Each structure stands twice: as structure tokens, then as C-alpha cells.
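Per TrEMBL, the features are as follows:
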type: REPEAT; residues: 1-34; note: repeat 'WD'
type: REPEAT; residues: 35-76; note: repeat 'WD'
type: REPEAT; residues: 117-148; note: repeat 'WD'
Amino acid sequence: YALAISPDSKVCFSCCSDGNIAVWDLHNQTLVRQFQGHTDGASCIDISADGTKLWTGGLDNTVRSWDLREGRQLQQHDFSSQIFSLGYCPTGEWLAVGMENSNVEVLHASKPDKYQLHLHESCVLSLRFASCGKWFVSTGKDNLLNAWRTPYGASIFQSKESSSVLSCDISTDDKYIVTGSGDKKATVYEVIY
């Protein structure tokens, strides 16, 4: 369902439909480990900027964090909806989660602080933090691209596209947002602030 590459580009993590997270050595092209925990498909993934922690979301309504040095699960967060997308803030502390029930939730990585954001009208298909960590974007089946302030989710802007927005990314300099939509179109937005 989803892939992540370690910051040193040596390892690839793949989310599998059986809930496992497969860890691949890219140089040798071999499977080196599997993280087991999700009881249904692992749908989304992100890795901390220092490459020590992995976050995964699943169709089992959970988000899990994994210690990559020790190869074990650290935390589990339970939700009332399937997890379709997530992003870990590059500056640390905050994790944003996009759900099938149209909610976006922003959680603190180590404290119980949590914010619920309600602007999407359908499932949240992708989510990405800006490199600076001060804002993030989410996209949905409702044709919307939303930009939010980290962590409390004040709306920065919203754009409606002509079909479902399936994916998004932000350039490393935070100046451009690109989306991929269901009508086979990529849209590039210039961020001016």
C-alpha cells in the first residue's frame, strides 16, 4: 500500500496488505526484517527525520510507532476509523493522521495532546508536512487540498480540484505543493507567504 525510504537511502519499508511492514536492504535487494502488529492492511507510513523511528497507519484503526534500532513496537494509538494517511512532523513531536471518516487528527508523539480537524467531507487520502514543520497539507476524496497550521490546525488555505485528490507532496524548500488527482492530472501550487 505504501513505501518509505530511510534518510540514508539504504533501507526501504513497505506496507503490506497482511498488516506486516517489510524491511528491505536496497543494496542487496533482500528482505531483512518484518514488523508485525497491524491486524489488517498497513496503509501508510512515515519515518522520522533522524531515521530512528517509523510510524505506520492501518486499516485496523491503529497508528503504531516502531523503534528501528531495536526493531520493536513502541506505541499504539487506537482510533474509531481506518487510517488512510499520516505524516510525522520533521521537527518532531507532532503526528498528523488522515482517516476514512474524513477527520484529520494531530497527536503529540509523547503527550496526550490531540487536535481534531474537520474540513474534509470524505476520506483523507494523503497528508504531507512542510520541511519547516510549521504547516502541512491533506487531500481527500472530496476533491479538496487543505493546508493547516501545525499543530492546532488553523486553516491556511483550501483548494477544490475537479476530482479526488489521491496524493500530494511538498518540495524540500517548501515553495511548491504538487497533487495527483483521479482525473489523471498533476497540479503544482506555488506557496507564497
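Here the Cβ of each residue, glycine as well, is placed from N, Cα and C on the backbone.
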Pull the DSSP breakdown for the repeat 'WD' (1-34) and write it out as helix, strand, coil residue counts. 0 helix, 19 strand, 15 coil
Could you please provide the mean pLDDT value for the repeat 'WD' (117-148)? 96
